[in-house]
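Written out below as structure tokens is the structure these notes cover.
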Amino acid sequence: MTRSILQSARRIIVKVGSSLVTNEGSGLDRQVLGGWAGQISRLKKMGKEVVLVSSGAVAEGMQRLGWKTRPAALYELQAAAAVGQMDLAQAYADCFSEYKLLTAQILLTHDDLSSRKRYLNARSTILTLLNLDIVPIINENDTVVSDEIRFGDNDNLAALVANLIEAEVLVILTDQEGLFTGDPRKHADATLISEISVSDPHIETMAGGTSSGIGRGGMQSKVMAARRAARSGAHTVIASGRVENVLVRLANGEAIGTSLLADMPVKVARKLWLADHLQVRGSVVLDDGASRALLSGGKSLLPIGVVEVRGNFERGEAISCLNTSGREIARGLANYSARESHKIMRRPSSQIEAVLGYVGEYELVHRDNLVIL
């Protein structure tokens with residue numbers, strides 16, 4: 001089932017672990033990075049949008065600093081990340097330039113995705129980069145996060161990015177073949193699971209530990225990441241990054257690794273999240289034309305269609321869209337605060353900059369962040 005979905009998927013998150021970008025922990029393997037760039041270039045030629053979540057900054061920093069073992073102290077890890085992140089970003093930029101592709105570095109913290117305003121900003125930035133045919137390369141901003149609020153590992157970060165931009169598929173590449181019925185290093189009869197639902201209660205007991213001393217995430221974290229990605233409807237494939245041309249072969253529908261299936265499609269999951277899981281902070285009243293546009297045309301909500309703003313909401317918070325009779329017809333994420341919305345309501349989008357002095361978005365609520373009730 002997922003093989004065909006992977007073939008038809010337009011937006012893919014690819015996560016590569018430290019063991020797949022370093023030379024056994026002794027710094028970045030630029031030849032390997034070039035291989036990932038080449039495969040992603042081929043995926044893009046197939047019409048796919050690809051976001052790369054890459055580990056490797058700490059490992060590269062350790063090599064630069066001459067450290068043989070991964071430090072336990074957070075401040076030392078942050079120092080290694082600060083040293084290594086520059087080399088990681090430059091190495092990827094050089095590799096992708098061989099295929100005439102631009103890259104963009106994005107460093108995220110948990111606060112960026114828990115704050116509604118910063119969540120919306122991060123989402124808009126990544127989607128804009130994809131529209132510009134640029135490859136976003138994402139990592140956790142290790143240099144500033146505290147141990148209590150870190151993502152935990154890049155498996156979890158990749159899943160959250162899948163949630164953020166509604167990716168259809170998350171591909172987690174590791175140094176293991178996939179999910180087995182047991183730890184193959186301990187159980188000779190363990191077999192590779194080709195396909196399983198993320199809601200299967202047995203998958204956590206099947207997950208083993210990490211096989212590398214360089215990274216942080218073991219199979220357990222990959223299963224948890226798959227479950228998190230499934231909340232927004234994304235399927236996950238866990239496969240070995242050692243398989244030749246693994247990304248291209250997966251995109252062509254070849255059965256490699258383990259597919260963990262989400263229980264609902266991306267669009268359905270997104271609509272349920274918008275409708276049921278966000279606290280509404282305010283509302284806007286729409287004129288008849290705007291109401292018709294939302295209900296029948298699948299349009300975004302523009303400021304010109306708003307006749308009244310109620311409540312005190314901020315950018316990125318959920319608001320209700322009411323018709324002139326006061327009935328809620330839609331719900332979505334506001335691109336502007338209540339104060340800003342009041343200033344630009346009843347005005348064409350072309351006047352937003354003149355009124356506010358800047359333009360965040362041309363829509364008050366974008367259709368991708370809107371659900372009809």
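Glycine is no exception: its Cβ is also placed from the backbone N, Cα and C atoms.
According to Swiss-Prot, the feature ATP binding site maps to Lys15, Thr174, Asp175, an assignment based on sequence analysis. What Swiss-Prot lists as substrate binding site is Ser55, Asp142, Asn154. According to Swiss-Prot, the feature domain 'PUA' maps to 281-359, an assignment based on sequence analysis.
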Give the mean pLDDT for the domain 'PUA' (281-359) on the 0 to 100 scale. 95
Out of Asp142, Asn154, Thr174, Asp175, which of the binding-site residues has the smallest number of neighbouring Cβ atoms within 10 Å? Asp175
Do any of Lys15, Thr174, Asp175 (binding-site residues) have a CA within 10 A of Asn154 (substrate binding site), and if so which? Lys15
Fewest other CB within 10 angstroms, which one of the binding-site residues Lys15, Ser55? Ser55
Whole-number Å only: compute the distance from the Cα of Ser55 (substrate binding site) to the Cα of Lys15 (ATP binding site). 8
Rounded Cα distance, in Å, between Asp175 (ATP binding site) and Asp142 (substrate binding site) is 23
Rounded to the nearest angstrom, how far is the Cα of Asp142 (substrate binding site) from the Cα of Lys15 (ATP binding site)? 17
Work out how many Å separate Thr174 (ATP binding site) and Asp142 (substrate binding site) at their Cα atoms, rounded off. 21
Looking only at Lys15, Thr174, Asp175, which the record lists for ATP, tell me the maximum pairwise CA distance in angstrom. 12
Report the DSSP secondary-structure composition of the domain 'PUA' (281-359) as helix, strand and coil residue counts. 28 helix, 24 strand, 27 coil
What three-state class does DSSP give Asn154 (substrate binding site)? helix
